[in-house]
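J.: The structure follows.
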Amino acid sequence: MTIIRKKHPLIKIINHSFIDLPTPSNISSWWNFGSLLGLCLIIQILTGLFLAMHYTSDTATAFSSVAHICRDVNYGWLIRYLHANGASMFFICLFLHVGRGIYYGSYNMIETWNMGIILLFAVMATAFMGYVLPWGQMSFWGATVITNLLSAIPYVGTTLVEWIWGGFSVDKATLTRFFAFHFILPFIITALVLVHLLFLHETGSNNPTGLNSDADKIPFHPYYTVKDFLGVLLLLMAFMILTLFFPDILGDPDNYTPANPLNTPPHIKPEWYFLFAYAILRSIPNKLGGVLALILSIFILALMPFLHTSKQRTLAFRPITQTMYWILVADLLILTWIGGQPVEYPFVIIGQTASIAYFAIIVIFMPIAGMIENNILDLD
């Protein structure tokens, strides 16, 4: 068996990636989220495949086809709720994975980090298009509002929006193409994940100390396969509790009303995992400015390697920057809450303050804190 594992051209690749991979001996449970994201992706592709067998991407029948899946297809309700809540679990794991990367300075592996940002954009695009497919009120109005943001682009904006819509409003053509893209994107994401792993295995994993761990590596299997399996069990348990006991808790009640272009819902808002970005978008009165802030709220992650001023890699031994980090986490939770609130006092001013704080912490306060710590520890 050892010979096949190490000699066979295909199995050899799997062996070097998941079995004999030299891994730091001290990586914590925060390093579990990569494998959990892989599991989420597999769950989403499988449940999505079975949903696609029964779904029709036509404005006249899309809503009814989802109802048909839940009522008439064997375990259709389960597949539908696994897929809907699977997206939420996916984003929870994504945010924790990115948060771990920021905390432990993993962004210094620039290729892996940039690939991760591209993956984040791709997953967000996929989730947005998936939310449109049930063709409920929030699906329709969410699609209208978010795609309409592109009209803020000077000169080509209006033409671009109509090109994406396939007409003069969100209609049958839009739904059909969103379904096509929603179906193909997860497979593109899978390919990008392999590139992400390829870049990661060029440098090897980071670890909580941020120090070089070449002197103390252990094989991935059995140590981290077992550790990852514990993470898988915990995730599946949380996932099953969410799906079987509270399937609609993260959804919007408006989406149980069929799409109606003549009736606008009182509060148009995206799914919970986009609310922080939506709050940043809304906090700027100018349309183009809002769109730029929205894109920058994610793209700012790409600047992190260049904003790193500390001589230490991780935040493990840097209490000042640690404080900044946890303020940033609290700020993102505030933005998420604000994104779901109506546009009125005091939510507007809270959202604007939190948006300024978000960019200020990343661009100004964390780099300054790094320099102060260098000075205190006399690392200059």
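Just so it is clear, glycine is given a Cβ too, placed from its N, Cα and C backbone atoms.
Residues or ranges marked as heme b b562 binding site in Swiss-Prot: H83, H182. Annotated heme b b566 binding site per Swiss-Prot: H97, H196, in sequence order, evidence recorded as similarity to another entry. According to Swiss-Prot, the ubiquinone binding site annotation covers H201. The transmembrane segment annotation in Swiss-Prot covers 33-53, 77-98, 113-133, 178-198, 226-246, 288-308, 320-340, 347-367.
Let's see these features in context: how buried, what's close, how far.
T.: H83 (heme b b562 binding site) counts 21 other C-beta atoms within 10 Å of its own C-beta, drawing on all protein chains shown. Under the DSSP three-state reduction, H83 (heme b b562 binding site) is assigned to helix.
Around the Cβ of H97 (heme b b566 binding site), a 10 Å sphere holds 20 further Cβ atoms from the protein chains shown.
Take the CB of H201 (ubiquinone binding site) and look out to 10 A: across all protein chains shown you find 14 other CB atoms.
Residues of the same chain lying 6 or more positions beyond the ends of the transmembrane segment (113-133) and with a Cβ under 8 Å from any Cβ of it are 55, 57, 62, 66, 87, 90-91, 94, 97-98, 101, 106-107, 139-140, 142-143, 146, 174-175, 178-179, 181-182, 185-186, 188-189, 192-193, 195-196, 199, 270-271, 273-274, 298-299, 301-302, 304-305.
Under 8 Å from some Cβ of the transmembrane segment (178-198) lie the Cβ atoms of residues 17, 38, 41, 44-45, 48, 52, 55, 57, 112, 115-116, 118-119, 122-123, 125-126, 129-130, 132-133, 143, all in the same chain and six or more residues away from its ends.
With a threshold of 8 Å between CB atoms, the same-chain residues lying at least 6 positions outside the transmembrane segment (288-308) that come near it are 98, 102, 105, 107-108, 110, 113-114, 117, 120-121, 124, 149-150, 152-154, 276-278, 280-282, 355, 358-359, 362-363, 366-367, 370.
Under 8 Å from some Cβ of the transmembrane segment (347-367) lie the Cβ atoms of residues 279-280, 282-284, 293, 296-297, 300, 303-304, 307-309, 321, 324-325, 327-328, 331-332, 334-335, 338-339, 341, all in the same chain and six or more residues away from its ends.
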J.: When the Cα of H201 (ubiquinone binding site) is compared with the Cα of each of the binding-site residues H83, H97, H182, which one is closest?
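T.: Checked the binding-site residues H83, H97, H182; minimum Cα distance to H201 (ubiquinone binding site) goes to H97.
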J.: Compare 33-53, 77-98, 320-340 by their Cβ pairs under 8 Å to the transmembrane segment (226-246) and return the stretch that comes out on top.
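T.: The listed stretch sharing the most Cβ pairs with the transmembrane segment (226-246) is 77-98.
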J.: Where H182 (heme b b562 binding site) and H196 (heme b b566 binding site) are concerned, what is their Cα separation in Å, rounded?
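T.: It is 21 Å, counting Cα to Cα.
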J.: Return only the integer: C-alpha distance in Å from H196 (heme b b566 binding site) to H83 (heme b b562 binding site).
T.: 24
J.: Determine, to the nearest whole angstrom, how far the Cα atom of H97 (heme b b566 binding site) is from the Cα atom of H83 (heme b b562 binding site).
T.: 21
J.: Just to be sure I understand the packing, how many Cβ atoms besides its own are within 10 Å of the Cβ of H182 (heme b b562 binding site)?
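T.: Around H182 (heme b b562 binding site), other Cβ atoms within 10 Å: 21.
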J.: Using a 10 Å cut-off, grab the number of neighbouring Cβ atoms around the Cβ of H196 (heme b b566 binding site), all chains included.
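T.: By my count, 21.
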